[in-house]
């Protein structure tokens, strides 16, 4: 029956329970449902407008035999129920009796928890159960003991199902990822055994019309196996969570329902021909769904129970269709710079000739429209690949190399060869300019040379540090310089006295100083340096000239002293770069004042001025870096910023933008698997958010090899459930592993990597459990 003619009388119903149920089962007439849980064992009648409680088998009993993991209803007798309890007890119930007599039989033969129980499809007295002890028991309710025991050679049997196609065949799935087929008459050995999943298999279900077996596992996959002859994988469905239950949809060959054990609370119906998105979803539950069942042959009614203590009767017409809300287009950027784009192909009817374009033909075309369930898997898409033209970038390597390879090689080459620390800035710029030139990045080469010219030979400090060096004479550096000048003052005084007596300096690069007032001599006749100034050497003067104090240099003289000085003496300045553009005055000796005013700051003539520009390049450099990022070269923009060191504080670039550059460049390095280079960039970052990237996703969660439980304790290899450290031992030699540990994600066993290399050179299965480990 197609989806377009669903039963519109079917509605969604909900009922709250006293406790959450672990399993559900329907009777042969599909008008009653049995619910079993840790504190729940009831039977409800299914009505058109809800559920009605008809039997409570637990009552006030607190026996663990009533704490059930699974429940099964006989397919031939509506009065017979079976439950599998957490203490390993398998109970048979007769609903036609009263009180305690309802518990017809109690089989206490399993040594550990019983996970599943099911009745034979054609024999009303036969049922089988699977347990954590790795055994399968076959019971005849006419006997008080099991009639057969099947040893699965695994740690736990999670589900068993009778085949609807062969009377004596049943399947069993285990926590070691294997699937077994057994003949009830041959208890000593299974017929077929194969590894279906790389993790525990929790559920299985036979297809009602085809010889297909569906399995669900912790690896978040649903697999459909063709059991005709040798088992073969037909379809695989990838889900987002661990699969807990699967049920084939009646009257729909390719539809199967599933629910998850964790994370995902919804019930999904999948079309195995389009496995990447559910055909329909039921999202009513607010906690993990623990059981699902179709109401007999009605493909539009689904029953589900959950840990939210509710039971739902879902109408298929109320299900959501994820495919209708999904984006039918997708795009991805490749590592070579190409772009892949996929979009849905719209189905258009072929154009017909004018003669045939009649009302009758259009009527026929409308009648042949396919149903929604059929159209779902017929949807298909087309993918396009867009390549970037060679003229897009200004970084060509050679005309013989294709554009994607150029960008790929230049990025990787620069990432590996660019140096961002460990040398002087001038050396870094020179090296990185050569690397950029080598890979044809001419704009980057120019930028590196510019950085070398303006930042490599000059020392830039924050503005407040520059101003304090001249305005605050109490600065420790200036105090040391004043002490040095005071110690050399007598010698300088003698030299200056000789110059003022008429001796002409031999060279034009010597220092001229104004006549010193007699007040600078103390009463004791001892000469002291001027208290209002500090005499600096030429080297010190040059090192002090920066952009912020450049205005202190006037006409070739640098003034050191109180800024409020009303008068300064001017002497003939020597020819240099700063005063070359100013007119020179020929001053005679008579024009000089014979005695300077008291407390006049010393005026020193600078013989050489460094080639510092009269403008600051910081804004220009920041604009250049932003432009490099805008054209897609975030590699150059960020490496320049890192190489600048403390000078980057002078650039007016927002930290949020720099953080975005870091994330972008690190992501690009990860795309090319340049892990070491990405780590170095992260370590050189001065932003806390970027520095913490190396601390993310460094933990590898493991499971116990004995019980399969995740290890989340404080001690690394100690299992809180098993109370042992068996997982820390090598499965080959049996000794505790110290150092490199090789671990199988499928069976959770491992050991010394050297021992496993030798073992798997000759074997293919795990030495401890027989799991088919994918060792490489």
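Glycine residues also receive a Cβ, built from the backbone N, Cα and C atoms like all the rest.
Among the ranges 441-465, 466-490, 491-515, 516-540, the one that Swiss-Prot lists as region 'Disordered' is 466-490. In Swiss-Prot, the Zn(2+) 4 site is described by 766, 769, and among 749, 752, 755 the residue recorded at this site is 749. Ranges compared are 679-702, 703-726, and Swiss-Prot records zinc finger for 703-726.
Of the candidate ranges 630-678, 728-776, Swiss-Prot annotates residues 728-776 with the feature zinc finger.
Of the recorded residues, residue 722 (Zn(2+) 1 binding site) and residue 749 (Zn(2+) 4 binding site) place their C-alpha atoms 15 Å from one another. Here the binding-site residues are 707, 722, and the one whose Cβ sees the fewest other Cβ atoms within 10 Å is 722.
Counting every protein chain shown, the Cβ of residue 766 (Zn(2+) 4 binding site) has 23 other Cβ atoms within 10 Å. Close to the recorded Zn(2+) 1 site, the chain also has 705, 706, 708, 709, 711, 720, 721, 724, 726, 727: residues not among 704, 707, 719, 722 whose Cβ is within 8 Å of the site's Cβ mean position. Mean pLDDT for the repeat 'WD 2' (109-149) in this predicted model: 91. Long-range neighbours of residue 769 (Zn(2+) 4 binding site) (same chain, six or more residues apart, CB within less than 8 Å of its CB): 154, 155, 176, 705, 747, 749. Long-range Cβ proximity for residue 704 (Zn(2+) 1 binding site), meaning a same-chain Cβ under 8 A and a gap of 6 or more residues, is found for 710, 711, 719, 721, 722, 726, 727, 748. In this structure the alpha carbons, written CA, of residue 707 (Zn(2+) 1 binding site) and residue 766 (Zn(2+) 4 binding site) are 16 Å apart.
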